[in-house]
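Participant: If you scroll down you'll find the structure; I have some questions about it.
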Amino acid sequence: MGLAGLSAGSVLYELHASLWAWIFLLFTAFVWPHIAYLHSRSSQDTVAAEKQNLFLDSIFIGLWLPLMHFSPLPSVVIPMITTLDKSYTVYPRLWLHSLLALLGSALLFGSVLMAPPKFETSTLVVLCTIPLMFFYTWFNSYRGARLLSVVTRQNWAFDQQRRTDPQSGLSARAHWMECAEEIFKRAFVSGKPPCLLLIDVDRFKSINDTYGHTVGDEVICEVGRVVHECVRQGDIAGRFGGDEFVVIVEHAGYEEAYDIAERIRNDIANLRLISAETLQVTGSIGLALVSDRHANLRAWIEEADAALYRAKHTGRNRVSLANDENRSLT
Ligand SMILES: Nc1nc2c(ncn2[C@@H]2O[C@H](COP(=O)(O)OP(=O)(O)OP(=O)(O)O)[C@@H](O)[C@H]2O)c(=O)[nH]1
């Protein structure tokens, strides 16, 4: 339709609209991103600055709607994309504030421009909007999949951290307890009942006092390594806290568990530290086979602890068995 066919208001609008359209096109595409970037860079509080940028972004996008005569398809698609984008940020309810700002700026600017709404979408506009919808949907799926894989990896890393004692590399106490509870529950199901080894470094306090805490830490690492090397695959070895370590030997029987305990004791006694050549490390071990005397895991650990106590009080650097007169190995 030529200018002659339009009312004075429409002519004014068309002239304004095309002028504003060019101004906004250039501004939003080439100027605004740089302003937003500089704003964030120069701001002390970048998180707040980014929030302001995103909010302003919605206002600018709202200005586009009257310039498009509120054409239904882009007037729905563009605010929807803009709002969804804001909901993926760390700012709570920014999507809502942005949506309100976008609609407010669209209505305000529309009334200033006297933009007459046209509730129709031309084929050209539909064709131009389709790539936007396609790529946005594709990009969001891609972004979601990437985010999921990052979160999965991070969760796995956090879980590993929670499970592992950083100093010794063995299971951390809480994780070891979880595993031990499971083993205790099925202790009487399998043929050979599991054995518990409680290992404590002898006179560790005096190692710390004489050689310093760094050497003490090194001893913890080395004892952790020894325990790890001596147990079989599937045995549950953990650090109980301080200089105390704990192992559950499953499906082995008393004799084999005792051999493992002796190997650990022997290898600890043979430890040599480059940083403290004169240091002689030894460890005492209490060993308890699970039995129906134990009402729970705690009772089982207490029996191993009592055996450890005896090992300490009968000269240290030895394996002591829990009280059980039926055992042949005492
Ligand atoms: N360097 C170091 N010291 C620790 C760590 N955790 C606990 N300790 C210290 O280890 C010492 C533990 O001493 P105890 O087990 O009570 O006693 P002990 O000297 O080993 O004597 P016995 O067990 O009777 O042979 C305490 O002084 C703790 O401060 C650690 O991660 N690093």
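Every residue, even glycine, has its Cβ placed from backbone N, Cα and C.
Bear in mind that TrEMBL entries carry predicted annotations, made automatically and left uncurated.
Reproduced below are the annotations present in TrEMBL:
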DOMAIN    192-324  domain 'GGDEF'
TRANSMEM  20-38  transmembrane segment
TRANSMEM  59-82  transmembrane segment
TRANSMEM  94-115  transmembrane segment
TRANSMEM  122-139  transmembrane segment
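On this model, are these features tucked inside or out on the surface, and what's nearby?
Facilitator: Counting same-chain residues at least six beyond the ends of the transmembrane segment (20-38), those with a Cβ under 8 angstroms from any Cβ of the stretch are 53, 56-57, 60-61, 63-64, 67, 113.
Listed as Cβ neighbours of the transmembrane segment (59-82) (distance under 8 Å, sequence separation of 6 or more from its ends, same chain) are residues 17, 20-21, 24, 27-28, 32, 98-99, 101-106, 109-110, 113, 115-122, 125-126, 128-129, 132-133, 136.
The list of residues near the transmembrane segment (122-139) in space but at least 6 beyond its ends in sequence, with Cβ under 8 angstroms from a Cβ of it, reads 68, 71, 73-74, 77-78, 81.
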Participant: In the domain 'GGDEF' (192-324), how many residues does DSSP call helix, how many strand, and how many coil?
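Facilitator: Per DSSP, the residues of the domain 'GGDEF' (192-324) fall into 59 helix, 31 strand, 43 coil.
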